[in-house]
Amino acid sequence: MPEYRCVDPLWTRLNRLRRPRRCACLYHSSSSSKEIRETFLDFFAREHLHSRVPSSSVVPYGDSSLAFVNAGMNHIRVGGKHNDLDDVGRDGYHHTFFEMLGSWSFNDYFKKEACSMAWQLLTEVYRIPPKKIFITYFGGNESLGLPSDEECREIWLSLGVAADHILPFGMKDNFWEMGLVGPCGPCSEIHVNRAGLETGVARALVNQGSEDVVEIWNLVFMQYNRISNRILEKLPSHHIDTGMGLERLVAFLQNKKCNYETDLFLPLINAVHRISGGVPYQGCYDMVTVQGQRDWAYRLLADHSRMITVALADGAFPDNNHRLRRVMRQALVTSRKWFNQDASLLLELSNRVVEMMGGVYPELSRNLSNVHMLLRFEEDIFRDHLSKSGREWSGIINQFPELSALPVDQQPGLIAGLKQLEDWRSSSRSDKVPGSLAFKLYSTYGLQEDSMQLLAQLKGWNVDWPEFHRFMADERMNTKMQSAANSSHFQCGSINVAPTHWQCQDVYTRNSEGHYIFKPLDATVTALISHDGRLIDAATAGDKIAVIADKSCFYYEAGGQVSDTGRLLWPNGSAQVEEVRHVGDHIYHLVEVNEGNLRINQTVQMVLDNRLDTMANHTATHLLQAAIKNILKVTCQKSSHVTPTHFRFDFGLFQSEFTVEMISQAESSVRNWIRQCLAVDRLMLPLQQAVSLDGITLVPGESYPDTVSVIRIVQEESGKSEAISLEPCCGTHVRNTADLEEFAILSVKSAGIGSRSVRAVTRSIAKQSHRRAEDLQRELDLLEDAINRNPIELSQLKELDKSLKQFRDAINSEDLPVVVSKQLAVRLEKLESFIRQIAQETLARMMQRQVEVAISDAGPASFVIAYLSIPAEVLEIGRAKLSLIKATRHCPHKPILVLAWDEGCLIGRCTVPQEMITPDFDAEKWGNCVIALIGGKGSSPKGQDPRFNYNIRSRKLTNDVKESVEHQVLSLASDYAKRSL
């Protein structure tokens, strides 16, 4: 969302230098930032007839190595080699988010027109005095054979710029390139003398990092293409790309010493004071004083609230963007520490950001509720993180006090990263940390370079920084080959055969009945690779090899979809294709030769296995994501895995739960779309066009090619077409949702904090799942009818309990729709509870009868000993519990010892009325005399006097000794009571 770019169409060539209208945005005037921004846009769009283009997202979709967009100028900058984040708020110009104003021309006008319009806008519209402006141009580079851009210098002179205000600089300052290869060219920067210095003094400060003389606009002349580190070629057509930082421009035109004093930031600073109360902002930068530190906190929250609001509204998610998470957590900590506020302060600041910027960037207003939800969620998990890591972090600080400079709340992966280093050190015994490990700490745990440097120094280790920086460069340029060949036994060096022509999407048709027909593809073998990576001429039965052919209809694993399987057929021979991989320009078919000999130049017939089920499951993945997006509003895809039998879809959950009702709603939506027979189309679009489509679903952190395949599923309602799913995807799909036939969600599980994983099926497997669910529902209906009949005999109780246990096993299997499984589980729990209650009542009556018999048999004796004979199957019914407390209650006036067998142990309970306790006899003494014989332990119920109530439990005893133990215990307990009472 960083910019408005204005593009000059070819037919406006004659209109570009018309006289601009006067405006109120004068130098050192009271013009607002809104007026200054709008003046820029009107100047190009109205006065010079450029096309006004809405802003793009700050989330990059062409390079997974970037946390935020990086198109010429960084619109969001967090971290980096010199850790710019730590500088935010400590000076007047470092920010995490920049709003860029710019203009483009594609093969229309070039340097003269671009410089003329820039000079016209600055001096005639904004009325900046020419003496305040300094111009830089490219001074050439001998090693690359690039001459000085004298054309640019002459253009500026012809516009009236004084010669001593035009300066040459080298590649570092005045040659723009986005990476190691690609379009590039010289540039001309426009600097302004903010401090009113003498010309000679100001001239010496250009490009020196001074706050007195700063760059505000960069005009890039795209005229070269970098082929390699040393080779540049001229582009056949020339383009213009300019960018001007709004924050610096506004500060200069409003005559403010720093950006934070402009109306881009001051309303946010004032909002912090209004909400929190306390000491107001005073513009102090002295970090030694408390006021300077407090004012730094004001500035930091003003900056971070803009960045957080824009990033979250544009679809960035903190759980897969550690830089965004670090900014959010620093803002939360600062709010709490300096203003005693929780996330509510950031919520209110995000409202203020939308009020200030929503008119220009309408997506901010549309997505404000998403911003609030993600802020609250991040605060919750951050609070949990602090409570869990606080003690562990304190221990680390005690060991290394220097690490207190690296607060764990700002670098959430610091503890995990330190553990990773410790594990590496214990296994390697080396003192040099590999660059690959350092890169993992950066990419996985979010550790910045200075943090890793301090950790290594404290441990006495060295880090291979050159290797680390090579990994960083490879990641930024996306040049690391993440192909399966890197880990393949079939990896081969140079293969001098033609690239494989991939015809994956062109191998099937549909007959008049709508059935898919997958046509075999004839191909010629061009290379055979052995298991150990050697090029071979032939293979025989039993050999496992990689086959490369001139073309292939097999889908290789990509986009979360597994590769096809199938067969290669030739006269007198065949091979089973077990896996397919994409390596460079070739497709590797990993096969086992079944029969015959396979040679180079052999013509083979490629036959696919079961592609249709995989296609259906992949289309279902898109439908499920669309359904979940409709339910949750704020979510994102984490990963997916599509196979012929099922698919798994992991998504972000930024609220408390994904309920059964939500699961049911998602499943019902997909089943409804299947019944509607919606068309599934594949569109081939340029990436920039694709990402600008309304409703497009993109995966955060995913890297997309310049041309993408977009799968579109359209719903017709009231004569209007609406895309219910629009998603870039290279996978295989059916042509109509009806081809899915049926759909079922089989499980939803946690996949970590803020994530859920769904497993689902389509077609015959889904049909079978729903049929099984219907059968179980009918079966449970019958069980309910049987249980509701009264009364239930013991024999019936046993059978019903057995049936319920079998039913429990049936619904716990993962081949049922999870919604039905959970609904059946609720009904089953009620039946189990009812059976358990009946079993418990039956058991209680059984114990009561046996205790009453024992009391009767004891006659006038002063004590009672009752041995309960409870059949094991009774205890198994409904998991009934043997509670001897209830048994002893039937004898309140005499000492009673109740004994019974439970899970191989002899258990007992002694109760003695208070009036019958003597120095020689009480419940504890009576029980311990039994324990002395059988072994085990005894205790009184919690909070009760052991003299009155005492429980005993023997060690486990074998069945062959039970009868003798019973006899000995009964005899011993009886003798002890007779002697003691």
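Even glycines carry a Cβ here, placed using N, Cα and C.
Residues annotated as domain 'Alanyl-transfer RNA synthetases family profile' in TrEMBL: 31-772. Averaged across the domain 'Alanyl-transfer RNA synthetases family profile' (31-772), the predicted model reaches a pLDDT of 87.
Long-range C-beta contacts of Cys729 (Zn(2+) binding site), restricted to its own chain and to partners at least six residues apart, with a cutoff below 8 Å, comprise Gly559, His618, His622, Ser709, Val710, Ile711. Per TrEMBL, Zn(2+) binding site is recorded for His618, His622, Cys729, His733.
The Cβ neighbour count for His733 (Zn(2+) binding site), using a 10 Å radius over every protein chain in view, is 24. Its own atom aside, the Cβ of His618 (Zn(2+) binding site) has 24 Cβ atoms within 10 angstroms in the protein chains shown. Excluding the listed site residues His618, His622, Cys729, His733, the same chain places Met615, Thr619, Thr621, Val680, Ile711, Glu727, Gly731, Thr732 with Cβ atoms within 8 Å of the centre of the Zn(2+) site Cβ atoms.
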